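Peer 1: Please see the structure below; I have some questions.
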Amino acid sequence: MRIGTAKENYLHDAALFDTNVQRAWMVALAAALLVLPFISGQYIGYLVCLVLINIVSTTGLNILTGFTGLVSLGQAAFMGVGAYTVAILEINAGTPFLLNLLIAGGAASLVGVVVGLPSLRVKGLYLAIATIAASVILHFVFANWTSVTGGVSGLTMPPASIFGFELVQPNQVYWIIMPITVVMLFGAANLFRTRIGRAFIAIRDRDISAEVLGIRLLRYKLLSFAISSFYAGVAGGLWAYFFRVITPESFPLMMSIFFLAAIIVGGMGSILGGILGAVFMTMVPEILKMMVGVLSPIWPDAVAVMSPVRIIVFGGLIIFFLIFEPDGLAEIWRNIRRFFHLWPFRT
Amino acid sequence: MDWLFFSEIGLAGVGSGGLYALTGLALVLIYKATRVVNMAIGEILMFGAYVFMGFSAGLALPMWAAIPLAILVTGLMGGVIERLIIRPMLGESAISIFMVTIGLGSVLVGLVEIIWGANPQRLVEFMPSDPIFIGEAYLSSKVGYAFAIAAVVLGLFLIVFRTWRGGVALRATAGDQAAAYSMGINVPGVFSSVWVITAMISAGAGILVGSIGGISPNMGVYGLSVLVVVIVGGLDSLLGALIAGVLVGIIETYAGAYLGGEYKMLATFCLLVLVLVVRPYGLFGTHEIERL
């Protein structure tokens with residue numbers, strides 16, 4: 001806590017941002033988000049959109065895994081449900097994108113609830129394995145329900161449009177992705193100031209004690225699954241608007257592991273952690289690509305080694321953070337902040 | 001219905017089930033002794049197969065040297081993994097360790113791709129290739145011999161596990177770590193040796209699996225089917241792994257033969273969902289009672 005910011009009443013204590021400095025930074029960030037698409041090129045715009053989509057999905061998984069303690073390896077499959085829903089609606093019905101995204105979230109959360117049903121009987125590892133099963137089965141459905149999903153070749157959909165204006169380039173789709181991401185992040189942050197969010201945390205800390213305290217386990221675990229998959233569904237919908245080609249291979253099991261890795265690296269049970277983790281894990285491959293670009297004149301094999309090195313770095317980051325910094329980047333960030341806030345004192 | 005075809009498929013299913021049982025045994029051993037579900041088992045298996053390829057094709061060693069060397073090297077790697085990655089995670093939540101092994105799997109895939117490249121390869125033939133007939137039913141010789149080898153290894157292992165001092169130490173550790181420690185059993189030593197042994201078993205299974213279907217860095221997917229095997233059989237039951245291994249092998253092969261290759265994974269995972277819903281602790285697993 002910053003020196004000289006005593007919390008004098010409950011409102012202060014529950015506030016999302018506790019100092020004016022923090023609020024000022026948020027305003028600056030908002031301004032930066034609004035200006036960004038005008039100054040960024042194609043590549044930066046593409047990266048930013050990808051990062052934002054991953055942030056939505058990672059935050060959803062964080063609600064389920066980081067805050068409720070239910071490990072899921074089905075996040076990518078739920079995203080797939082959302083993406084296919086959006087694509088089918090956009091191709092066949094042509095409904096407005098906001099409605100499509102809502103329906104996509106709804107469809108994904110329905111699937112999520114069905115997958116979550118075993119969560120009362122099985123937990124921990126068994127639940128993780130049940131969600132692997134769910135993602136294998138969903139992948140099968142995507143690949144073989146040809147009349148609806150287009151089978152292995154997938155679906156190609158038209159771009160989203162606002163008032164007849166089509167959003168094709170990353171810097172244009174950004175105007176859908178960015179506001180929705182911000183709204184969903186605030187939604188997630190506020191969720192944990194409500195009874196529902198607190199119930200999730202109680203379940204994570206000790207589910208039997210939570211039940212003794214009067215929290216209906218089944219209802220809240222399923223609710224957590226529903227909210228988390230809603231985020232995944234919306235993220236999948238945004239993904240669909242962004243790439244506009246959806247195949248069963250777009251959402252592999254590896255992608256679910258990516259999201260789980262993102263919350264581990266970022267910090268479980270922290271909204272900031274989900275954001276940092278998603279940004280970091282999305283940027284690492286890009287930074288590796290840049291390094292290859294720098295190295296390839298000196299070392300011609302760099303391009304060939306790139307893909308395996310990326311896999312190694314991905315796994316290595318998971319191992320490194322779990323062993324050395326289980327609270328993730330969010331904790332590192334907090335330590336840095338604490339250092340400056342308490343200066344000249346030491347922690 | 002063609003009964004001959006039916007029984008041939010069944011035989012092939014039992015054959016591949018033997019390999020599932022062997023790998024499942026490795027997974028169950030680790031779980032029993034250290035309470036770690038090793039998601040990297042498929043990747044360790046793949047690594048073993050690639051090391052074998054490195055010795056047999058790369059260095060052109062004869063079979064009698066290449067196979068034991070590959071198994072030894074993979075076992076050594078298992079020990080190193082335990083010391084470097086799993087030991088520091090001691091006492092962390094099961095989920096964290098589960099994630100560490102997923103990370104480990106990814107690192108192994110990357111290593112193999114750097115050393116041997118990403119393309120699928122074939123192993124040097126070392127099993128006789130004349131077909132086996134049981135009654136009238138045809139069985140591919142590779143599957144048959146792989147099953148025989150797997151069965152012999154499994155049998156040997158079960159005997160050793162029952163009688164040898166180390167096996168008793170392992171079972172004591174599985175029963176109660178603290179009690180085993182206070183009775184003078186070197187629990188960290190047991191942990192290390194379990195990782196070494198299971199890595200060796202997986203390497204052996206990897207060589208057999210690879211000699212049937214070829215090897216590729218994606219071979220780790222095999223680990224998913226093995227995961228289904230041990231969940232169906234019960235995570236801490238050796239007998240369960242054996243029976244479920246054969247069961248999953250048969251179901252998978254029948255689904256592949258009668259419905260098409262893409263139904264293989266679907267069938268095994270539907271079985272998994274069924275078992276999780278009806279008997280979450282598996283067919284033979286211990287039903288753990290949770291106390292406050």
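Backbone N, Cα and C atoms are what each Cβ position is placed from, and that goes for glycine too.
The transmembrane segment annotation in TrEMBL covers B:6-29, B:36-55, B:61-81, B:93-118, B:143-161, B:190-215, B:221-251, B:263-282.
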Peer 1: Does the transmembrane segment (B:93-118) reach the transmembrane segment (B:263-282), going by 3 or more CB pairs under 8 Å (6 or more apart in sequence)?
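Peer 2: These two segments do not touch.
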Peer 1: Tell me whether the transmembrane segment (B:221-251) sits in contact with the transmembrane segment (B:61-81), defined here as at least 3 Cβ pairs under 8 Å among residues 6 or more apart in sequence.
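Peer 2: Answer no, regions not in contact.
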Peer 1: So if I exclude everything within five residues of the ends of the transmembrane segment (B:143-161), which remaining residues of that chain have a CB under 8 angstroms from its CBs? That is, six or more out.
Peer 2: 11-12, 14-19, 21-22, 25, 127-128, 132, 167, 170-171, 201, 204-205, 208-209, 211-212, 238, 242
Peer 1: So if I exclude everything within five residues of the ends of the transmembrane segment (B:61-81), which remaining residues of that chain have a CB under 8 angstroms from its CBs? That is, six or more out.
Peer 2: 44, 47-49, 51-52, 54-55, 104, 124, 126, 192, 195-200, 202-204, 206-207
Peer 1: In terms of Cβ proximity under 8 Å, which residues at least six beyond the ends of the transmembrane segment (B:36-55) contact it?
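Peer 2: Here the qualifying positions are 23, 26-27, 30, 61, 65-67, 69-71, 73-74, 77-78, 86, 94, 97-98, 101-102, 104-106, 108-109, 111-112, 115-116, 121, 123-124, 198-199, 202-207, 209-210, 215, 217, 219-224, 226-227, 235.
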